[in-house]
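Copied over from TrEMBL:
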type     : residues                                                                                       : note
TRANSMEM : 20-38                                                                                          : transmembrane segment
REGION   : 60-110                                                                                         : region 'Disordered'
COMPBIAS : 73-83                                                                                          : compositional bias 'Pro residues'
COMPBIAS : 84-96                                                                                          : compositional bias 'Low complexity'
DOMAIN   : 115-350                                                                                        : domain 'Sulfotransferase'
BINDING  : Lys124, Gly125, Gly126, Thr127, Arg128, Arg205, Ser213, Lys330, Gly331, Arg332, Thr333, His334 : 3'-phosphoadenylyl sulfate binding site
Amino acid sequence: MAYRVLGRAGPPQPRRARRLLFAFTLSLSCTYLCYSFLCCCDDLGRSRLLGAPRCLRGPSAGGQKLLQKSRPCDPPGPTPSEPSAPSAPAAAAPAPRLSGSNHSGSPKLGTKRLPQALIVGVKKGGTRAVLEFIRVHPDVRALGTEPHFFDRNYGRGLDWYRSLMPRTLESQITLEKTPSYFVTQEAPRRIFNMSRDTKLIVVVRNPVTRAISDYTQTLSKKPDIPTFEGLSFRNRSLGLVDVSWNAIRIGMYVLHLESWLQYFPLAQIHFVSGERLITDPAGEMGRVQDFLGIKRFITDKHFYFNKTKGFPCLKKTQSSLLPRCLGKSKGRTHVQIDPEVIDQLREFYRPYNIKFYETVGQDFRWE
């Protein structure tokens, strides 16, 4: 039999035969590699029609290095639709970080908003307890620190104030607490200018007990201050109370309330009893939730009474392995005050208390 290669007759030369054999072998190898590539690769051509198993992707490599790093295919699973043309695999997007909320499981970050509700007072009335209790609610996000925006930092502007707020979803309420707002003359007007719809929470307490608690806190920081009796009276024998002392002045609630009622209707202000917050925390927090227009999520099941501290604490939750009580600065033992001094202060506050009850339509029974 005659062979014809490029016009030449006769058997092929050994060198040309080797070339033909090499080309044939290379063609078979390429065909096998392409088939393997199509069967195993997930994004660049795994045969969905054939139901081929999916292989895990690894970094591109060749020869022995690829064999060492290759991994077995995943078991067959549901086949999502894919575009016909392969595309380069995109880098995995990092999971969004949740803001510091313990309540929302949504992966959305939310938005920083100006607060729709404020705990504006009063100092040593129980504002920290209300804040910590209401933060349990999934529809409330609250700033943990006191920003003092409407009394000390107003010059920084609303953008600065907003930047301090926690991120919230559309369904959540943003809230902050600064007890000194209640006795700050400019605070009602400034809050009104931010939003006339702001809801205001005022935690009040027997003004005599509140003053003693205020003094006890100050004494723990400044042990050399004068006695409570010396600061309370300009002339004790005449019963002249020193209303310039802040601890006394704060308890004259009705005078401070007059400034707020110039800008906000009474229906927009909710008063929490500091005494009932201790004896019936679920009841008081139920009324706070009603005022904010949110579901009564916080109930009796969230509280237990701490006999050591003398006030209720939050039970442990799914997000906390330990019960949550207010810090050691809360519930400290009050200094002992002469009962006659207490009686004199009760008489001083009586007319202010009665007018306060009449104004807010609620009897706090401090007499």
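Cβ atoms here come from the backbone N, Cα and C positions, even for glycine.
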Write out the long-range same-chain contacts of Gly126 (3'-phosphoadenylyl sulfate binding site), meaning residues 6 or more apart in sequence whose Cβ is under 8 Å from its Cβ.
Val203, Arg205, Val272, Gly274, Leu277, Ile278
Across all protein chains in the structure, which of the binding-site residues Lys124, Arg128 has the highest Cβ count within 10 Å?
Lys124
Specify the count of other C-beta atoms within 10 Å of the C-beta of Thr333 (3'-phosphoadenylyl sulfate binding site).
7
The domain 'Sulfotransferase' (115-350) [mean pLDDT, rounded to integer]:
93
